[in-house]
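Visitor: Pulled the feature table from TrEMBL, pasting it below:
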- B:142-207: domain 'Golgi pH regulator conserved' (DOMAIN)
- B:279-448: domain 'Abscisic acid G-protein coupled receptor-like' (DOMAIN)
- B:6-26: transmembrane segment (TRANSMEM)
- B:38-63: transmembrane segment (TRANSMEM)
- B:75-98: transmembrane segment (TRANSMEM)
- B:110-127: transmembrane segment (TRANSMEM)
- B:147-169: transmembrane segment (TRANSMEM)
- B:290-312: transmembrane segment (TRANSMEM)
- B:345-370: transmembrane segment (TRANSMEM)
- B:382-404: transmembrane segment (TRANSMEM)
- B:424-445: transmembrane segment (TRANSMEM)
Amino acid sequence: MASLDRVKVLVLGDSGVGKSSLVHLLCQNQVLGNPSWTVGCSVDVRLHDYKEGTPEEKTYYIELWDVGGSVGSASSVKSTRAVFYNSVNGIILVHDLTNKKSSQNLYRWSLEALNRDLVPTGVLVTNGDYDREQFADNQIPLLVIGTKLDQIHETKRHEVLTRTAFLAEDFNAEEINLDCTNLRCLAAGSSNAVKLSRFFDKVIEKRYFLREGNQIPGFPDRKRFGGGPLKSLHYD
Amino acid sequence: MSFLIDSSIMITSQILFFGFGWLFFMRQLFKDYEVRQYVVQVIFSVTFAFSCTMFELIIFEILKVLNSSSRYFHWKMNLCVILLILVFMVPFYIGYFIVSNIRLLHKQRLLFSCLLWLTFMYFFWKLGDPFPILSPKHGILSIEQLISRVGVIGVTLMALLSGFGAVNCPYTYMSYFLRNVTDADILALERRLLQTMDMIISKKKRMAMTRRTMFQKGEVHNKPSGFWGMIKSVTTSIPGSEMPDLTLIQQEVDALEELSRQLFLETADLYATKERIEYSKTFKGKYFNFLGYFFSIYCVWKIFMATINIVFDRVGKTDPVTRGIEITVNYLGIQFDVKFWSQHISFILVGIIIVTSIRGLLITLTKFFYAISSSKSSNVIVLLLAQIMGMYFVSSVLLIRMSMPLEYRTIITEVLGELQFNFYHRWFDVIFLVSALSSILFLYLAHKQAPEKHMAP
């Protein structure tokens, strides 16, 4: 059982957006009955079949690290959180569709997690402003998930979804919008499930298959191929 | 004519205070949340504006700005509005937002919030019975009745905060109390935390694999339906392979998760202590350290004075300004124009008291808000804070009367009616003493308990 390979994916977002419900849904295929505040970090594991349906199918463990807290926490809490950001293979950014601030805070969350390796003291050197340049040479796959879709009224849906599309584009990531209390959102075969599966495949590829020959960071061409399964440009 | 000018000055200053309260709300309190109900922001800013106006009127009283009769009028009007807000509006909205959060009662929100408000009024009224705060000649719904009760609550709050603040301030400023934390301690704790996370992960992997195997092999046509089905599927053992008991593993995981939470909190604590140690080595840190010694002496003196006041049953008759002037004139032999200086010194003293108490309260409220609010309860908590703030400021006016020379006290006495002011001061002393002593006890216990946990032997 421990013989399967593993990848580590962080689940980040503001307090109260629904990260714990989401992780529970992804790993246990059940709706979380009594969500409560996450103190520190809670982990759960999902089994994922890489390249499902092909002869190269292989099962991996995906560890989902759900880190609690807010971007405005004291610096001592941020330094403590930083210990969870080591050797991360993928990041899921969660925001609440009914709360614009949680979407804006995603920039700060991603900076906090990605800068971890650059600045060992754990202190953020940026002023928190979003800078596309920093995401240009980002190697870690990102996925943006918007929760509480059921609480958005029909009439406002279009405007909210346009806004989140821009957000996902900024991160160069796919986006999924769902309701964590509804099992059918991630039913097998739905477009959400397909996007999720593609994201996990990408994370696994980056971790296990693309290490030979991709030592140049920030190569601009690769950005254009983000979002879908990587074409096999870099296989031997 | 002069009344109109005075009123326009008052209204302009009120609008300024309102704007400040609005900005404070947006920039500080609600900076991580989205304001969806603007009524909350309006109520908060209005409470803040009218509370600050009261302080402004005190200052005007000392400096003799504006016409005396228009001052009196504005005092009365301000007081009525503030009482209206604190007793009627804010509690009603608190009830309304609490009820809105509960899904069951969503349909009849108004009805239930009215019920909640009536319950609040009942307890609010009952509050006045055990205290000798009023002479019984007043009617039911007079200003004196309301103010006396608001005063009791506010004075209790002030004394609690003041007692805790007086003890906590030297404790945080002085580096004598800082525990010695090294980088090695932090690293050791972090390693334990990560090890615990790894253990949790490996157990969860086992559970996930077990569930998948059971799903694939045995139970495909026998989906666990209902209560008994689930129990059966968990404990069914398939011959030929050892299927670990899932419930047992789940219990181990729960225990480990609790441990990981504890370790996380302890690590955050160590980081915070380390930062404070670094800070205490800087100039500012050393300055605050020195201040801390000063404040600890002040705190001990205050506790001593409160005890004396209670034991010897005395309430100070003269205010510090007149006392100070008396001492300088009589004992130090310095002669100066008493009337002129007493006005200016009272102004400065009262001004300092007002500014520091407003600033201290806003900072405390902000910290409190960050600590306990979440996206669901933020509205309710902000309204509670507005209520506390209003009551605090009203009772500050009550107590500040003692710090002012006699000629300035008259307006407050006139406006607030016949309250037993001495009772409030006595009550303040009692609660201050209780709060300070229990804070000392509490901090002592917390301080003793912490180092044993994670210092390397």
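Glycine is no exception: its Cβ is also placed from the backbone N, Cα and C atoms.
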Visitor: At a C-beta cut-off of under 8 Å, are there same-chain residues at least 6 beyond the transmembrane segment (B:110-127) that contact it? List them, or none.
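Guide: Distant Cβ neighbours of the transmembrane segment (B:110-127) are 87, 91-92, 94-96, 98-99, 149, 152-153.
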Visitor: State the residues, same chain only, that lie 6 or more residues beyond the ends of the transmembrane segment (B:345-370) and have a CB under 8 A from a CB inside it; answer 'none' if no residue qualifies.
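Guide: Distal contacts: 24, 28-29, 52, 55, 58-59, 62-63, 161, 165, 319-321, 324-325, 378, 381-382, 385, 388-389, 392-393, 396, 400, 403-405, 408.
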Visitor: Taking only the residues in the domain 'Abscisic acid G-protein coupled receptor-like' (B:279-448), give me the average pLDDT of this model.
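Guide: Taking every residue in the domain 'Abscisic acid G-protein coupled receptor-like' (B:279-448) and averaging pLDDT yields 76.
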Visitor: Report the DSSP secondary-structure composition of the domain 'Golgi pH regulator conserved' (B:142-207) as helix, strand and coil residue counts.
Guide: 59 helix, 0 strand, 7 coil
Visitor: Could you check whether the transmembrane segment (B:38-63) and the transmembrane segment (B:382-404) come into contact, where contact means at least 3 Cβ pairs under 8 Å with the two residues of each pair 6 or more apart in sequence?
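Guide: Yes; at least 3 Cβ pairs under 8 Å.
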Visitor: State the residues, same chain only, that lie 6 or more residues beyond the ends of the transmembrane segment (B:290-312) and have a CB under 8 A from a CB inside it; answer 'none' if no residue qualifies.
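Guide: Counting only partners 6 or more residues beyond its ends, the transmembrane segment (B:290-312) has Cβ contacts under 8 Å with 166-167, 169-170, 172-175, 425-426, 429-430, 432-433, 436-437.
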Visitor: Are there residues at least 6 beyond the ends of the transmembrane segment (B:382-404) whose Cβ is under 8 Å from a Cβ of it, and what are they?
Guide: 25, 29-30, 40, 43-44, 47-48, 50-52, 54-55, 58, 62, 82, 85-86, 90-91, 93-94, 97, 147, 150-151, 153-155, 157-158, 161, 316, 319-321, 346, 349-350, 353-354, 357-358, 361, 365, 368-369, 373, 412-413, 416, 419, 421, 424-425, 428
